[in-house]
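Q: Checked TrEMBL, it gives:
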- B:ASP6: active site, nucleophile (ACT_SITE)
- B:ASP8: active site, proton donor (ACT_SITE)
There are 2 protein chains.
Amino acid sequence: MTLFVDMDEVMADTYGAHIEIYNRDYQESLTHDICMGSEVWQKVPVERQNSVRQHATNVGFFRNLEPIADSKEVLKELSKKYELFIASAAMQFPNSLIEKSEWLDEHFPFVPWQNRILCGHKHILKGDILIDDRSYNLESFEGRSLLFTSPHNVNSNGFERVNNWQEVALKLL
Amino acid sequence: MTLFVDMDEVMADTYGAHIEIYNRDYQESLTHDICMGSEVWQKVPVERQNSVRQHATNVGFFRNLEPIADSKEVLKELSKKYELFIASAAMQFPNSLIEKSEWLDEHFPFVPWQNRILCGHKHILKGDILIDDRSYNLESFEGRSLLFTSPHNVNSNGFERVNNWQEVALKLL
């Protein structure tokens, strides 16, 4: 069985990093609760939105993300049971490519380079299961699609949902 | 119809670069003819083989490759008829990731980031046609497999072969 797992907001806490950087840059106290149901950039004053949307182009942004809780432990177990691939739509940010490779080396060394995919569209993936936080990636996938909860997608319907890695473990291990 | 195209030795002249760098480093005059049927590193004295195998880790190696003859023109036409994706097993060389992205920007700007795939194994690709110079990539592909001739694969059998981009044009356009 082939299992594809998205990186941002599934393995790596991109959302939390946006909030943290915004709060630091503007001395604000934005929280996850305030942002629930939206992208972070949508919850800041309009004149600051571009700045938040540019975070991902900052050197070091992807390299320094925190792993999502329990992702390391559960993915390590999943890698024993499934043919595990990491699939990230990273090509949008060319500077992120090396950072994502190094980040995986540090936090997920049990995923070899042969099982890492940096792509754009995900409808070219052939396999059995995809865990992703974006509906548009899941819609085009032919296998079982699991929507991983992120603050931005709490109001999305129509997909089998997993709220955290413990729930993934219960369903897939 | 989805068409996947490999980069090294299909779009980019990796093989020629290996010969050129070897000749420059050792003041030799290795040629494509001498290497026919082998990898370049296999045709140099054993004490120099590691040096040739390390070329791909040199900064700038992938950024400075020459496009294969007619690849730009034919791929531009193919991109109008097919859903064209570039699929390169680049994850082996993390430093190559940004170089490959920039190389595509320069030589193949009509392939948007959404249609670029840097991966390891290629059996996870779902689509109709794959053009690649490596038998092991073609073997696992479910669609039509085209072996693009490179000096190293001239003795490989068992796949529909295309010797150059003009032959690809004849078959697919």
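Here the Cβ of each residue, glycine as well, is placed from N, Cα and C on the backbone.
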Q: Taking the Cβ of B:ASP8 (active site, proton donor) as centre, how many other Cβ atoms lie within 10 Å?
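A: Taking all protein chains shown, B:ASP8 (active site, proton donor) has 23 Cβ neighbours within 10 Å.
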Q: Using Cβ-Cβ distances, find the residues under 8 Å from the residue listed as 'active site, nucleophile' that belong to the same chain and are at least 6 apart in sequence, listing them in sequence order.
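A: Expected: B:ILE86, B:ALA87, B:SER88, B:ALA89, B:LEU130, B:ILE131, B:ASP132, B:ASP133, B:ARG134, B:ASN137, B:PHE148.
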